[in-house]
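Q: Quick paste from TrEMBL:
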{"type": "DOMAIN", "residues": "B:20-439", "note": "domain 'DUF112'"}
{"type": "TRANSMEM", "residues": "B:110-132", "note": "transmembrane segment"}
{"type": "TRANSMEM", "residues": "B:138-157", "note": "transmembrane segment"}
{"type": "TRANSMEM", "residues": "B:169-187", "note": "transmembrane segment"}
{"type": "TRANSMEM", "residues": "B:254-278", "note": "transmembrane segment"}
{"type": "TRANSMEM", "residues": "B:319-343", "note": "transmembrane segment"}
{"type": "TRANSMEM", "residues": "B:355-377", "note": "transmembrane segment"}
{"type": "TRANSMEM", "residues": "B:384-405", "note": "transmembrane segment"}
{"type": "TRANSMEM", "residues": "B:434-451", "note": "transmembrane segment"}
{"type": "TRANSMEM", "residues": "B:463-487", "note": "transmembrane segment"}
Amino acid sequence: MRKSIFAVAMAACGLFATSAIAADYPERDVTLIVQSSPGGGSDIIARTIARIVNEGKLSSTQMLVENKPGGGGAIAYNYVAQRKGDPYVMGTIATSFFVAPLMGQSPAKVEDFQPIAVIAGDPFILVVEAKSGIATLDDIKAKKVLRIGNTGPVTDPALLAVSLGNELGIEVRPVPFNGDGEVTTALLGGHIDLQFGNASEVMAQIEAGRLNPIAVTSPERLASLPDVPTFKELGSDIELMLYRGVVMPKDMPAEAVAFWEDVMKKVSESDIWKTQYVERNNSVPLYWDADEFARRVPEISKLYADYLTTIQK
Amino acid sequence: MEIFSDLFFGLSVATSSPMLLATLLGVLLGLAIGVLPAMGPPAALAILLPIVVSFEPTVAVAGLAGVYYGAMYGGAVTSILLGIPGESAAMMTTLDGYPMAKNGEAGRALGIATFASFVGGFISILLFTAIAAPFAEFALRFGPIEMTALMVMTLIFSTSLGGEDRAKGFAALGLGLWLGTVGLDIVSGSPRFNFGTFELLEGIEFTVIAIGMYGVGEILASVNETAPKVARARYTLRALLPRISDMYKTWKDLIVGSVIGFVVGVLPGAGATAATIFSYSFSKKISRHPENFGKGAPEGIASPESANNSASYAAMIPLFTLGIPGSGTTAIMLGGLLMLGLQPGPLLFEQNPDFIWPVIGTFYTGNLMLVVLTILLTPILASLVFIPAAYLFPIVLGIVVYGVFSVNYSFFDLGMAMGFGLLGYLFRKFSYPSVPVLLGLVLGPILEQNVRRSLIMSNGDIGIFASSTISVVFLLLSASLLLLPMFKWAKARLKKAGV
């Protein structure tokens, strides 16, 4: 009996502690959960963010990075989603954040998260092998049938390939590989014709003159490729980036959201972020606060949902 | 010759004390990782990565690369002493290494493996130094069509590994091929055989199956033996030492392994494991005593061990010459280079010679360190066979559990490893060969994916496999491999009938 009274008292204290979060939040180290293995795209971002937060003392406690790879991101997303109201856990996101629940592969839906901020967008560059004789979208249109590499059927490059085929009225044959590296290898060897490459992965090949860029999927031209047009400029509707941001579990105290939103703004404005991430990976600098991010989530989710219905027909 | 001055510069930097230290730490960690079952080079690199990013790039990459090729040496140790492949590239080494160790010649087996690793590594580094860039260009000609043909040839070659009972061999191969299909289908994106769990979405880890079937299975089978074989009395000091004579006895297999390892290792998505399967089968085909393979033949250790070491260097060629990772491990190395602020690409050799040549230099020093370290450790490691089973098995089981758990921190994996342990036990009980299961598991997905890629490219036209010279050559070779024995058999029948 005494035990249960004690438990009730403890629970009451717990409730009290959550509501009084603003006073000295954060009191403990915060863990940033990464859905990729070390060395992967999201991991590089997570470690850069943690470095800026810790070195710049943007939080009174440390930010720790923990990798939870597997299940196509589902393991990490579920881990975060299950910690409802826990203000000491947050996670990075990638395309899988939107796609995994749509595919029925992850019980954690996009609504199970509290969006915090998006701090960069990674564009895709449509590239061809340098000796292929293709230089413009019109050249592609003239080909009628093209083989285009992707990294799986429900990835951004695959979605972009379908959009391109529909817009130009050509037949695209999507050839799936196990990673961007394998796609680029096949493109260099002339086994496929096109690739929507992540800017950070194909830039070295472009600089070396092995691949030629046709157009970029970002809203504006890239600083590193000022001569390469955007799809929008060419009269196309294609515009897509891999949005880089962080989310927290649902039921988050407003103070915690405001705190991390502000920290992420400082991260996105820091020199380290600009030089070590944005410039190095040819990303597009941008900042969405929690409200804007929350507004965009259903839009982006719908984009993938529409795509999935077209390919599942 | 420019290449000599470049290499000399590389070696001089590689022998400076911080570089030597980084290489030593890398290869030591690699050795340890290789010895521990389940924990493969990708996992080790992933752990090391956040630590080394604060180092100078050349030093960091010297350490990372050391882990990678060091693991190839270490992998042989577990394969030989415990019969558990520490990682997929060491799986073929268990076939002859473990029987040899069981025959009381653990030191001899380790000696052959070490020497083969050294020779395979050394030949591969020489080739790397001399022809890395043009060879990378050659490897680009291997697209889905060519890979399909290569895998068909490797599978046909490997049918010789099925054991005595062909039906059981094919049944085991079929099981392996099926296990390889578990997970997300790369073409349609739909899950296959995941039974509604998301733990199975990315397929079953090779190590979980290998450790289960070999490690746990072997322990269960041995425990069940009422009268354990008392072979222990025959162990002598000589059994713990490597033998020099084995080294020139296996020269043919060393060359076969080194060359196959280099050629297959450089190909995208094929990797060291496929190279060892190919090389082992090839050595068995050219051997005058193929019946000794699988029972402790020195050639059966020399061939795959030289192949996996050779392949580990070759796998780094696409990364250093083109900036493209060819395997999971090199993909993590690429991540490391990016974190260090280096953008590997086709211009790395031209723009960063002061980075690339010292790293190549450390391949030479690292390989030398490994051969010395392993030879020194051989008698100590080989003494493991003196430990009675009553003490050894619980220890091994502990290592196995730790190893499997450490890959994904997943109890699910652990349960599966135990399940496959039971399967391994049943395989032994009913004398089914376990090797074809792993063959199917490794080769099946590569073959399936490349067949489907090729057919997507041609919109279903099967004629695409005849559109490439490389593919046609491989397919003709495969056909002759299948038809030759039939001709021989037919000829013998005719002769008999004539008499």
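Positions of Cβ are set from backbone N, Cα and C atoms, glycine also.
For each listed feature, how buried is it and what is near it?
A: Mean pLDDT of the predicted structure over the domain 'DUF112' (B:20-439): 86.
Here the transmembrane segment (B:138-157) has Cβ contacts under 8 Å with residues 264, 266-270, 274, 277-278, 281-282, 285, 317-318, 439, 443, 446-447, 449-451, 453-454, 457, 464-465, 467-468, 470-475, 477-478, 481-482 of the same chain, all six or more residues outside its ends.
For the transmembrane segment (B:169-187), the list of distant contacts is 159, 161-163, 193-194, 200-204, 209, 427, 432-445, 448-449, 452, 456: same-chain residues at least six beyond its ends, Cβ to Cβ under 8 Å.
Sequence-distant contacts of the transmembrane segment (B:254-278) (same chain, six or more residues past either end, CB-CB distance under 8 Å): 72, 88-89, 91-93, 116, 119-120, 123-124, 127, 135-136, 139, 142, 147, 150-151, 154, 157-158, 161, 286, 302-315, 317-318, 324, 326-327, 439, 442-443, 446, 449.
Below 8 angstroms of C-beta separation, residues 6-7, 9-15, 19-20, 22-24, 26-28, 31, 57-58, 61-62, 65-66, 69-70, 73, 110-111, 114-115, 117-118, 121-122, 125, 128-129, 242, 313, 320, 342, 348-349 of the same chain, each at least six residues beyond the ends of the transmembrane segment (B:355-377), sit close to that stretch.
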Q: Which sequence positions outside the transmembrane segment (B:384-405), separated from its termini by at least 6 residues, show Cβ-Cβ distances below 8 Å to it?
A: 36-39, 81-82, 84, 101, 104, 106, 207-208, 211, 215-216, 219, 222-223, 228, 232, 235, 411, 413-414, 417
